[in-house]
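As structure tokens, the structure follows; a few thoughts come after it.
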Amino acid sequence: MRKEWLWVGIASVLLSACIDQPPAPQQQVQQTYSGPVEEIGGAEPRYEPFNPNVNQDYKVNGQSYRIIKDPQNFSQIGLASSYGEEARGNTTATGEIFDPNALTAAHPTLPIPSYVRVTNVSNGRQIVVRVNDRGPYTPGRVIDLSRAAADRLNISNNTKVKIDFINVAPDGSLSGPGMVGTTIAKQSYALPSRPDLTSSGMGTPMQQDAPATGAAVQAIDNSQLSGTDATQPVASQSSGFLRAPTPVPAGVLESSEPVIDSAPVTPPVVANPGPVTTTPTSSAISGGYVVQVGALSDAQRAQSWQQSLSQRFGVPGKVSNSGSIYRVQLGPFSHRQQAVDLQQRLSNEAQQQSFIVAAP
């Protein structure tokens, strides 16, 4: 009998030891994204601590809103609205003065300030905006975009968008659903405003030996732009907002050949009315502006896209690569207005977004 109790005691001890020992934690396998990566523009995410004064649960018109405490995996689909000049000068939830030309947005429950990638579901255009205000409070609306952001996404009253949160770590690293398949163009300048077509015509772009002195060249981050190869046409990049553009009719920007004033003496380079196939001078490439249309992770697709754009718009172009990212650029142009004119044509005729950068 004692032996039986002894065995029962031993079994109990062993059983309790098994129960008290916590199970070994299962290591979660992080799924990596292996699809295409596209570069998009917009507000450049920077680390900003959440403002505790504007991140408390609140109530508006009898409706309670609970602030999302952990938005690391936040995504949302719904209708977007926009606000512009009618709200200029108003104070946002962060205490900033609202500027309709800034790439900002209002969201009812996301932490402030934060950054999100907004995608127009109907046309695929994407942009990064900074959330610095509360709203909208209209049923069915999930985000309120500034006029500048809405214009670049081509938002209407019935446009459905997808919101993906971008987490910015203190060291500046980016993660979250807003970074899946995306790289963000680093830029230290404001995106160009829409050109005034009534002020000047869209003339043929001219490549001069050197850009005009005193031209207002806005500061940019040139570390991501490689030297311009004049022997290849430069495709205008729309920062990957759209897929390959549709054919466009021949327009005003037919060539980028240099203009010869009167009677040149040394004529190795002859200006012809057709598209330029000769190599521009190194001084023309080393200054001026290019229009960046998009960035792809496939070199062959980027080259094909660039050649198609160069042929249809009658401008030179090239594909500039940085690591595994291939940027499609058009130009260079000696005057910024020429780049603005081409940018407007890309938007109107090909529904293609783009931005202007200084040529290396």
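Numbers run from 1 along the shown chain.
Backbone N, Cα and C define each Cβ position, glycine as well.
Annotated features in Swiss-Prot:
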SIGNAL    1-17  signal peptide
LIPID     Cys18  S-diacylglycerol cysteine
LIPID     Cys18  N-palmitoyl cysteine
DOMAIN    283-359  domain 'SPOR'
Model confidence over the domain 'SPOR' (283-359) (mean pLDDT, whole number): 82
Helix-strand-coil residue split for the domain 'SPOR' (283-359), DSSP-based: 33 helix, 27 strand, 17 coil
